[in-house]
2 protein chains.
Amino acid sequence: MEGVDYLRDERSKAQFDVETMKVAWAGSPEAFLVCDRMAKLVANDPVFEKFSKPMLGRKELFKNTLRKTAHAWKLVNDLHLTEEEAKWLRHYIDEPSYTDLQWEMFVPALEGQGTEEQKKKWVPLAKTMQIIGTYAQTELGHGSNVQGLETTATFDRQSDEFVIHSPTLTSSKWWPGGLAKVTTHAIVYARLIIDGHFYGVHGFIVQLRSLEDHSPLPGITLGDIGMKFGHGTYNTMDNGVARFDRVRIPRDQMLMRVSQVTKEGKYMKSNVPRQLGYATMVSVRQTIVSDASKALSRAVCIATRYSAIRRQFGSRDGGPETQVLDYKTQQSRLFPLVASAFAFRFASDWLKLLYTDVKQRLEVNDFSTLPEVHACTAGFKSLTTAATAEGIEECRKLCGGHGYLISSGLPELFAFYVPACTYEGENVVMLLQVARFLVKTVSDLGNKQPVGTAAYLGRASLLVQKNCVVQTAEDWLNPIAILEAFEARAARMAVGCCQRLAEFKSPEEGFAELSSDLAEASLAHCQVIVVSTFIRRLQQDIPGRGVKQALEVLCNVYALFLLHKHQGDFLATGYLTPKQASLANDQLRTLYSKVRPNAIALVDSFNHTDHYLSSVLGRYDGNVYPKLYEAALKDPLNDSDIADGIHQYVQPILKQKLHSSKL
Amino acid sequence: MEGVDYLRDERSKAQFDVETMKVAWAGSPEAFLVCDRMAKLVANDPVFEKFSKPMLGRKELFKNTLRKTAHAWKLVNDLHLTEEEAKWLRHYIDEPSYTDLQWEMFVPALEGQGTEEQKKKWVPLAKTMQIIGTYAQTELGHGSNVQGLETTATFDRQSDEFVIHSPTLTSSKWWPGGLAKVTTHAIVYARLIIDGHFYGVHGFIVQLRSLEDHSPLPGITLGDIGMKFGHGTYNTMDNGVARFDRVRIPRDQMLMRVSQVTKEGKYMKSNVPRQLGYATMVSVRQTIVSDASKALSRAVCIATRYSAIRRQFGSRDGGPETQVLDYKTQQSRLFPLVASAFAFRFASDWLKLLYTDVKQRLEVNDFSTLPEVHACTAGFKSLTTAATAEGIEECRKLCGGHGYLISSGLPELFAFYVPACTYEGENVVMLLQVARFLVKTVSDLGNKQPVGTAAYLGRASLLVQKNCVVQTAEDWLNPIAILEAFEARAARMAVGCCQRLAEFKSPEEGFAELSSDLAEASLAHCQVIVVSTFIRRLQQDIPGRGVKQALEVLCNVYALFLLHKHQGDFLATGYLTPKQASLANDQLRTLYSKVRPNAIALVDSFNHTDHYLSSVLGRYDGNVYPKLYEAALKDPLNDSDIADGIHQYVQPILKQKLHSSKL
Ligand SMILES: Cc1cc2nc3c(=O)[nH]c(=O)nc-3n(C[C@H](O)[C@H](O)[C@H](O)COP(=O)(O)OP(=O)(O)OC[C@H]3O[C@@H](n4cnc5c(N)ncnc54)[C@H](O)[C@@H]3O)c2cc1C
Ligand SMILES: Cc1cc2nc3c(=O)[nH]c(=O)nc-3n(C[C@H](O)[C@H](O)[C@H](O)COP(=O)(O)OP(=O)(O)OC[C@H]3O[C@@H](n4cnc5c(N)ncnc54)[C@H](O)[C@@H]3O)c2cc1C
């Protein structure tokens, strides 16, 4: 029935104040208000309706998103939204669109890599959308290895221009969002060549289309790279291919903040340190970690609500069956993911602080923390996106058969999310970068005290000797015990790898051979950081009835779940005894019982609108079954009782007249 | 370039005879020939073309598949194909269609649950497709718990009929394939009610549509349940919903092989043992395991070939970069999946033998092995489908960004495959059934010697005491050492769970509380079976140069990969020392180097046609890049330079005229 809250009983069980938890999730009262307002703005505007998406073909999907994007931009202007508000508006519209590239890649690249003069010219054009840009780095043949890009930018001293050229098929730019049909400009990354010498890969502002009639400029071939995973998802966006046939751009369209080419064709480093880019990198990765927490929070919200509605087995004396949320197997798959969503959320909050810290240091030319920051953010990126992608699919499975319907929201969420494991640094490549840092840190331990998130490695010699002192399941609730376990395991893995590396002829050979183990050590290191960030967050004051307590339970769930999952590492390194590992698992089971009464309230704390979730299974009111039915009936196949094709292809079979039919 | 084999060098490295390996994979020379012929028949017939699928809307997808299905049935008749051949034909067409239900569910249910008389009447109609049937068990409210189904079949003595009725919304049949638009009949599972008494859930043959004009019969409401995961995949099929409003069927349309209702309304068990259904169950699960191996073989074939073509980093002196297949991280993610495909393949071959064995036993009323068979097949189902679903997604990630394109074949393979984790027994529910068996087996150890795949538990008391004797990495190549490790770990986990169960007030409470640990113990048990099946297969004669050796390497990879992944179990149960686990990991790395030269040849052995793979990345000739480009250009968005919507929704933004535009 409409208007009834089928989850009311569940909500009444909550042992904490949901409204304050919403603020804790959002980060601050102000952040909560902005998000809440933007979410509702989107949810209540019919232009942003998205339930009809599954019925649209590629062209319609694309056009539909163009319309939403234009409408959104109109709102930004009409309502004088701040950049922060506009960002949330885009977020809640929940459709990949060219503006993602404009605001998250194009503008930041101009701001980060352009000179003052360049910024003055280009940034206002971009910010008012008089030009629309994309970030054209990846090519058909190269993604991860940016130094292998083949597009060339050859300086022509005569005309004071660069000639942008695609010398091979594999040099075609491939993937950039909006590139196919929408963007008028791109920052094209290309090998700079002056007088036959190669000066590394640089970014160039290239105009792609006429601002008058939108047609591609001479020498530029643009196209769409075709359908992607899922139905809607990235198919709303025109990821594109571009080929350049000796396209000329003025010299001042090379982004010259860090290196310059003079009129005379001299290549010069400017006095701006190369490391400035790190701040942007931290900011981009902060967004990725924040996005991970959001995507995972959506998935667990759907799966948790549906698991409270879904009943299967266990009816006694004709009473209702058991809510599947009450099964320990369901809890052990679901609750760690709820906890992960919070863990990633707090990790992303912390990355914001890190960003400020890095920016301040860069301003005074303090580069000392950069290697550590680089490793930590790369690791965060890899850990959170991998866990989120896996977690979304687990949530889909937790919903049984109905999770397979598009109307559950989960298939499309998965298809939309998974490329995060690949773009902005392929996850395994990222872990290997962390590994390089770890190896270096451990090798330098004699000379250099590691800082920040790697500081614990400074105690490595202690950590490889200490043993866990836990004696009861309760002892595992102690954050100090937890943290030491994670640190000891990570330190032992890192040190262990380094010792084995020393047995190889060359360090490079060893690194290659042991790379898989090194990646595991890196993951262990990243888990230290996520766990410790969660723990530190809880050392702060958190207001609201029961809010802190509920979060403490989640923090312990997160840590002990990881401990159980990676039990092999903890035992292999000898820090834990099997008995201690088993106590941790016992405690974990107890913790699940503590999460259970709060489960619905916890996912309510994300403050997700039904529009944003776009899931029949995850509806706030739990009115699942009638709405599943309603959604089904909208499928075009239900337009008629006898579907197109039946007369032609089925009836001849039934009537045994197939031989004489034309197919 | 067309006609060039870009993988020729790789193929020339193979250390075994690919043609003989193809036979080993197929199971026998005869099986190979049938598969090969059917695969080519499909690949060469333009009707079965599937590259245009991404461009089709829901109705077109559905119609297109109807056409293919009719064409296939015509071929079956024209070419006088055997049932085996027809099955492979359907398989290679590679699109979910109503005939899957007809042949894999409807006909087997008639044959397995119908009386001789019923079979005589219905089976020929079905086999000649004069009627088209589906299997209508699942309802909106119930899947896993079949006893909870709500549809009623009330006996009306007066008219000698059953009245089929959907009393609630949640009793609507929901999911059956072909139900929405195509099938004329269904086996509807419903609660049998006679004189107000409930006699359990039974199957009833219900006609759904007129055989004349295909319209739904009075009292029956049919519809499609809407779009499912992915673009094409299951959207080619009309999974449906059905509601019955007091629909009458003659009494003799209850499937009465095992239980009957007489004219007088008496409910009677026939003298046919209820256990007969087990044979069908084994056969269905054999197909599922076989399908798992096929799906995984497709994914690893694509990822392996592409990984040999893809190069990234590591160029020396301007030479070519490293093939990503040479990175140890890539190998450690990919090669265990190649090995798993073979492991599942041999597991499914063995299940065929088990099927014959079960059938023979049932004929002489020997039910002694059934509990073990039930547990073993449930476990196989869960283990292989879960690993395959995960493996396909891993393969997609292994292809980097390009794996996200539909043209890579992997997104749709994933979306198509994942429901196997849910249908035919939800995977976690299956593992819990295995757990019940394990608990019972261990508790009965004093009285009853376990048989078949559980026989090793008979040695439990020994296995919980023994310790691993491995001393060198080479020792891990010994199948006896491997098998004992898996048996010891599984036995210890099962025994450990049973000991802890005894601490609970009631066994049921304990089972519920420990269910997550029990599921882990079940998985360990299933791994014993898969590993031992692989090992036993290799004890047979396997002809062909190097074929057996190559398979031995894979068998070891499979086992040691599992050992590393579940290292925690092995260490926690105390059977292995950390040193021994580490030696296993060292051996695993060595094994990867042995797989490497054979990698392409191994995936060639699956004998997959390019049509079947439908992947640009997995093309036999490795001509990836030009073909990616070609495939992209076919997207409808590339029909025009200036896409529909640009003038309306983008130009007003660029020209700053949004305020005056109508959106
Ligand atoms: C939806 C989406 C949107 C995108 N948008 C943009 C965009 O707007 N602009 C843009 O420029 N690009 C974009 N990209 C491209 C993206 O940045 C690349 O796909 C990404 O950088 C990964 O590179 P790759 O595809 O070359 O993968 P590859 O590097 O080819 O990866 C293939 C495999 O090789 C392995 N591998 C690679 N190098 C190593 C190594 N050194 N050691 C061990 N293993 C290795 C990887 O782990 C992976 O398993 C987008 C991609 C997607 C999917
Ligand atoms: C593509 C597709 C095709 C299908 N085709 C058909 C068809 O042709 N005919 C037909 O009849 N059906 C069909 N089905 C339905 C399918 O058989 C069911 O979806 C399946 O049986 C799972 O049941 P469920 O959906 O009720 O899941 P649920 O049982 O509701 O599962 C939800 C969650 O509850 C958990 N759970 C349930 N019971 C327990 C328990 N006792 N202990 C612990 N956890 C539990 C599960 O582990 C899962 O995480 C199809 C489904 C799909 C996806």
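Here the Cβ of each residue, glycine as well, is placed from N, Cα and C on the backbone.
Summarising the annotation, TrEMBL assigns active site, proton acceptor to A:GLU424. Positions annotated as FAD binding site by TrEMBL: A:THR138, A:GLY177. Annotation comment: TrEMBL describes A:17-132 as domain 'Acyl-coenzyme A oxidase N-terminal'. As annotated by TrEMBL, domain 'Acyl-CoA oxidase C-alpha1' applies to A:278-439. As annotated by TrEMBL, domain 'Acyl-CoA oxidase C-terminal' applies to A:480-655.
Mapped onto this structure are the features recorded in TrEMBL.
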residue  : record                       : Cβ contacts under 8 Å, 6 or more apart
A:THR138 : FAD binding site             : A:LYS173, A:TRP174, A:TRP175, A:PRO176
A:GLY177 : FAD binding site             : A:PRO96, A:TYR98, A:ASP100, A:LEU101, A:THR134, A:TYR135, A:MET237, A:ASP238, A:ASN239, A:GLY240
A:GLU424 : active site, proton acceptor : A:VAL284, A:ARG285, A:ILE288, A:LYS381
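DSSP labels the residues of the domain 'Acyl-coenzyme A oxidase N-terminal' (A:17-132) in these numbers: 90 helix, 0 strand, 26 coil.
Here the recorded positions are A:THR138, A:GLY177, A:GLU424, and the ones sitting under 8 angstroms from chain B, going by CB atoms, are A:THR138. As a whole-number mean, the pLDDT of the domain 'Acyl-CoA oxidase C-terminal' (A:480-655) in this prediction is 97.
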